[in-house]
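All remarks here apply to the structure that follows.
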Amino acid sequence: MTARDRLIVGLDVPNLQEAEKVVSALGDDILYYKIGYQLAFAGGLEFARDLAKDGKKIFLDMKLLDIDNTVASGVENIVKMGMSMLTLHAYPKAMKAAVAAAKGSDLCLLGVTVLTSMDEEDLIAAGYEYDPHTLVLRRAEQALLAGMGGIVCSAEEASAVRKIIGPDMALVTPGIRPAGSDKGDQKRVMTPAEGIRAGSSHLVVARPIVKAADPREAARAILAEMDAAL
């Protein structure tokens with residue numbers, strides 16, 4: 001895969017007008033886009049369908065978690081939308097239900113391990129007994145056993161996760177920031193080159209591109225850094 005196949009631009013913008021502006025600015029340079037709650041609930045699901053019809057790949061970041069039947073029903077409908085990736089929290093029963101519902105489709109199911117905005121203090125406050133690294137590895141093992149298509153984790157854990165899941169599963173890393181850029185609300189971050197060298201198959205970059213004065217120039221700089229690390 002080239003850097004263009006690996007870079008996912010997060011459309012973390014408040015409305016369709018902003019999303020359309022970003023996609024237009026990036027043109028053919030970008031293949032993959034991530035759409036999460038913010039845009040999905042502002043007309044973004046139909047926009048996702050349209051982008052997919054235009055040949056773009058869409059990572060639908062819904063982080064599903066519910067009873068088995070509800071998760072399965074949701075996944076069945078998302079398969080019909082033509083999405084390329086879908087996230088759900090890496091809980092064994094939910095993952096197994098999703099895998100069964102997506103069987104035979106091209107949808108890559110991704111297990112979310114620990115949010116990159118969380119550190120050990122946050123996990124303790126939420127009632128977990130594991131530090132982020134340990135919990136990520138445990139959930140990676142569970143995702144592998146469930147038959148998931150990939151894992152979402154920070155670049156800090158990517159190398160260790162890759163050893164668990166092997167070379168074939170997708171390893172998607174958010175919290176990627178070019179050197180010198182603002183971390184924002186992310187706590188466990190790495191540069192694009194570091195993410196690639198750590199074993200990530202795909203990198204998610206949002207603010208450093210969508211908030212840049214020249215999004216295409218920002219994206220091209222990140223693509224060049226990734227290509228150099230491949």
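The backbone N, Cα and C atoms fix where each Cβ goes, and this holds for glycine too.
Copied over from Swiss-Prot:
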- D12, K34, 61-70, T116, R177, Q186, R207: substrate binding site (BINDING)
- K63: active site, proton donor (ACT_SITE)
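The Cβ of I67 has fewer other Cβ atoms within 10 Å than any other of the binding-site residues L65, I67. For the binding-site residues N69, T116, the largest tally of other C-beta atoms within 10 A is found at T116.
Between the binding-site residues D12, D61, the minimum number of other C-beta atoms within 10 Å of a residue's C-beta occurs at D12. K63 (substrate binding site): 16 other CB atoms within 10 A of its CB, across all protein chains.
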